[in-house]
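Data first, discussion second: the structure below is written as structure tokens.
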Amino acid sequence: MATSGSQWFLWTATILLIAVVSQGQLTTDFYESTCPQAATIVKQKVDEIVDADKGMAAGLMRLHFHDCFVRGCDGSVLLNSTNTTLAEKEALINNGSLRGFEHIDDIKMELECACPGVVSCADILAMVARDATVKLGGLSWPVFLGRIDGAASVADEVNSSLPFRTYNFSQLVATFAKVGLDTKDMIVLSGGHSIGQLHCGAFFERLWDFEGQNITDPSMDPEFAESLKAQCPRDNPLLFKGADSTNATFDAVYYSDLLTQKGLMDSDVALMSDPLGVEYALKAVQDPYSFLFEFGMAMIKMGNIPASDPYGWRKNCAVIEPRNY
């Protein structure tokens, strides 16, 4: 646990961040008069979903990430393609990778029954990400609400907005900077890979064909590599592997794995190529509470990325049916 002094510092930082976010017109009590039961409805549904499938927690969290990095936090990742436009969910980096859309639809339906035309799809994603993280052991954080849904979703915008699994440290920093997040935010939010599973294909090259040489990445722990090969044979990259050694618990083991050469994707291992990444990983392992807390702080900051083209509140998160605002 963090010391009392560091706890005081962290909570002071929270208060300051709350003030900044509030100035951005998002508030924790946005639905207090229009849908006071919204947070309770969302939490109950998320608990049910994750109880049935712990792996879905990571999927629900990722939806919020992938939404905010493209067009801001506007629920655009949830929209279906139209006759004229391929939507974000169909982009190469998302298609077959993102999941949980049906659960967001179910949650939206319950909210519409309780409070018709009130809670935005973008706000649902923010609440769901927090509740899914907490369900697997993460610390809670205040979710600021009042986002307005967007009316466009364009697949071509995804590749230039989201970080790729092959990115190095500099590329990761640059991608996060585009949406107003700094280097520490990037390192902390990478800890979201603490939960869930990956296709073996996400790290196939490191395991089987490093730099096209038909070898394993020599930086990978040899014993770990042999274990991985048993789980991810060369001829079946579509099998799944836990994101870290405790992939059903949200914790700082992700950073411990990186420090012991047991990372999976290039973008994970890239954190250890820079002194700032190593420094933070050591801190997270020594004080896991600080990581859990700072993850929540970074999620607040990410959740405040403004929508580039806000339009209205969608009654159906998958289609354009906004109401006026």
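One-based numbering along the chain as shown.
The backbone N, Cα and C atoms fix where each Cβ goes, glycine too.
In TrEMBL, annotation is done automatically, which means it is predicted and not curated.
The shown structure was predicted, so the numbers you read here are calculated from the model rather than taken from an experiment.
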Item checked: TrEMBL annotation, disulfide partner of C35 among C73, C113, C115 -> C115
Notebook entry, point to check: For C121, which disulfide partner does TrEMBL record out of C232, C317?
Noted result: C317
Margin query: Can you look up which of C73, C113 is joined to C68 by a disulfide in TrEMBL?
Written below: C73
Check: Mind checking which of C113, C232 has the disulfide with C200 in TrEMBL?
Finding: C232
Check: When you average the Cβ positions of D67, V70, G72, D74, S76, E88 for the Ca(2+) 1 site, which other residues in that chain have a Cβ within 8 Å of that mean position?
Finding: H66, C68, F69, R71, C73, G75, V77, A122, G150, S153, A307
Check: In whole Å, how far is C68 (disulfide bond) from R62 (site 'Transition state stabilizer') when you measure between their Cα atoms?
Finding: 10
Next item on the list: Run through the Cβ atoms and count how many others sit within 10 Å of the one on C115 (disulfide bond).
Entry: 16
